[in-house]
Amino acid sequence: MLGLRKGQIGRIIFYENLMMHVMAVVSGILIGIFFSKFFSMLLFRIMDLSIPSGFTFSWSAIGSTIFVFGIILIVTSANSYWIVYRHNMIELFKADVREKNPAKGSLTLSIIGVLLIGFCYFLATRSVENSMFWSSNTFFWSMLFVLFGVILGTWLLLRFLFPYVVYKLFLRKSFFYRGTNILTVTWLRYRMKKTAGTLTMIAVLSATTLTIIGTLSSFYTNIISFAESSNPNSYQTSWSTQTERNEIYAAIRDSKTNALIYHEEADVYTAEVIDEVDESNSYLEQGMARFSVISMSDYNRLAQKLGDNWKQIKKLDRDQAIFISPTDAFENSNRKYAWMKGPYKLAFKNNSRHYKVKIMDVYDHTIFNTDMVSSVLVVNDALYKEVAQKTMPNHIDIFQITNEDKAEALDQKIKNVVGGSNYWWNKNMSSFYSNYHMLSTLFGVLLYIGMFMGIVFFAATGSIIYFKQITEAVDEKPRFAVLQKMGMSEKEVRRVVAKQVLPVFLIPLILGISHSIAAMIGLTVNLMYSVGVPVMISTTVYTLFFIVYYLVCVSTYTKMVTNED
């Protein structure tokens with residue numbers, strides 16, 4: 001090597017990179033084809049689709065893979081050429097990552113890092129609706145500020161706090177000279193300064209991975225809650241004839257997995273708000289330009305059927321109303337008092353008279369499927385009857401069944417009965433199963449993509465640390481050889497290696513988990529959905545991955561420094 005020209009050395013490195021890339025691409029494609037059926041089955045299972053799967057072979061996917069790896073090959077080869085031409089071979093062979101002057105750290109910069117992370121945590125966990133920081137005009141820049149603030153704070157912690165702690169342990173002689181601590185502390189003092197950037201990247205990747213997996217799995221596990229909140233009824237049809245009702249009854253009776261719980265009917269009247277719209281409190285912006293009006297007695301009857309979680313209305317005066325908001329409790333709490341300012345002047349089609357009502361309260365639940373009937377306004381029975389005399393209603397039929405999330409066959413039959421399309425939405429019918437299936441398909445695809453991203457990040461973060469430590473093991477081998485000649489056993493070597501490697505794995509893991517928890521708390525505050533169980537599962541799995549990498553790294557490191565070959 002010392003007699004070769006730099007151009008020849010560069011070509012050798014290129015051929016080596018080319019060979020490794022070809023082996024990686026070929027083996028990856030073969031493994032991908034072999035497992036294609038399994039991953040297709042997994043995708044369809046997550047999406048809740050009954051589709052047969054088989055082995056797949058895609059030329060476009062192979063072409064994309066070769067293209068991406070080709071770019072990586074060009075970049076890595078160019079970087080290798082740059083390194084070779086900048087340094088002579090003696091420098092490359094004798095490169096030592098030890099610091100000549102070990103870092104002492106900085107308590108001041110460490111405190112700044114902690115405060116910066118804490119401040120970004122505080123901002124990330126605030127309500128978007130109630131925080132000036134998260135205004136619509138600056139939302140993107142606020143998000144970037146939190147992201148880069150956490151990254152900078154993490155780097156300050158790893159660059160200055162950890163060396164500061166190690167330096168203090170070095171000065172504490174009772175600890176420094178106890179057992180093999182002298183070896184561990186010395187190694188950390190001389191090695192950890194250059195790893196701050198790498199560990200920061202790993203901590204951020206870990207946080208990103210856990211946040212993505214936690215968020216998507218939380219959405220996926222809450223699919224039924226999402227569907228139920230906007231689709232309280234199994235089936236809801238508009239203007240069904242008696243013949244269609246009988247056919248729906250027959251379809252439910254013939255179903256082996258579903259049974260009819262009850263059938264209800266209600267007339268709904270569409271009212272337009274004709275008040276002058278205040279630009280600072282736009283009805284249209286808040287979904288208040290149109291109401292679906294229902295009587296108090298009809299509401300109480302339907303709410304009683306749906307269960308104890310639906311509030312009953314005891315009394316309403318002629319000019320009073322209750323708004324059944326289609327949005328969630330969080331949004332309702334922020335806009336409730338604006339909605340209750342009233343009164344509202346309502347106009348109905350083919351009815352020359354206008355009616356004034358004032359909203360007295362806002363309920364968070366809905367009694368109709370929101371894709372067909374939204375923004376329900378419950379009014380006094382006498383007012384409702386007066387409107388009914390001069391206005392054409394929208395007649396709604398409601399069918400509640402058992403096992404509504406397992407009604408694929410029944411869903412198709414009822415769609416055919418009412419003349420609806422086989423797509424997820426049609427104007428004649430609203431189905432819990434269709435909306436549930438749509439959500440499971442959407443979030444299933446996202447979860448599938450997130451799982452693959454998680455696996456890639458799992459492997460990337462662990463591999464970065466693993467191979468970095470294994471590379472350093474080559475440099476440490478002569479020093480451990482001297483220690484073994486002085487009487488250190490292989491068991492003691494393993495103990496020293498375990499202590500040296502542990503902070504490198506543990507610190508980014510803890511920081512990554514901490515960052516992801518802050519992000520998930522912010523998600524919970526703003527979406528008001530429980531994310532605890534999915535986050536605990538994903539964090540536990542990620543931690544187990546790191547433990548496996550750590551144990552394998554310690555074992556390999558020990559074998560390398562104790563092997564005499």
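Including glycine, each Cβ sits where the backbone N, Cα and C put it.
Residues annotated as domain 'ABC3 transporter permease C-terminal' in TrEMBL: 1-87, 451-556. The transmembrane segment annotation in TrEMBL covers 21-47, 59-84, 105-124, 139-162, 199-220, 436-460, 501-521, 527-552.
Beyond the ends of the transmembrane segment (436-460), by six or more residues, the same chain brings 42-43, 46-49, 205-206, 208-209, 212-213, 215-217, 219-220, 223-224, 226-227, 231, 404-405, 408, 424, 538, 542, 545 to within a C-beta distance below 8 angstroms of the stretch.
For the transmembrane segment (139-162), the list of distant contacts is 103, 105-107, 109-110, 112-117, 119-121, 123-124, 128, 133, 192-193, 195-197, 199-200, 203-204, 207, 503, 507, 511, 515: same-chain residues at least six beyond its ends, Cβ to Cβ under 8 Å. Residues 131, 133-134, 142, 145-146, 149-150, 152-157, 159-167, 518-519, 521-522 of the same chain, all 6+ positions outside the transmembrane segment (105-124), place their C-beta atoms under 8 angstroms from a C-beta of that stretch. Counted as Cβ pairs under 8 Å, contacts with the transmembrane segment (501-521) are highest for 199-220 among 21-47, 199-220, 527-552. When Cβ-Cβ distances below 8 Å are used as the criterion, the transmembrane segment (199-220) is approached by residues 46, 150-151, 154-155, 158, 226, 440, 443-444, 446-447, 450-451, 453-454, 457-458, 460-461, 464-465, 504, 507-509, 511-516, 519-520, 523, 529-531, 534-535, 537-539, 542 of the same chain, each at least six residues removed from its ends. Within the same chain, residues 206, 209-210, 213-215, 217-222, 225, 328-330, 454, 458, 461-463, 465-466, 501-502, 505, 509, 512-513, 516-517, 520 sit at least 6 positions outside the transmembrane segment (527-552) and bring their C-beta atoms closer than 8 Å to a C-beta of that stretch.
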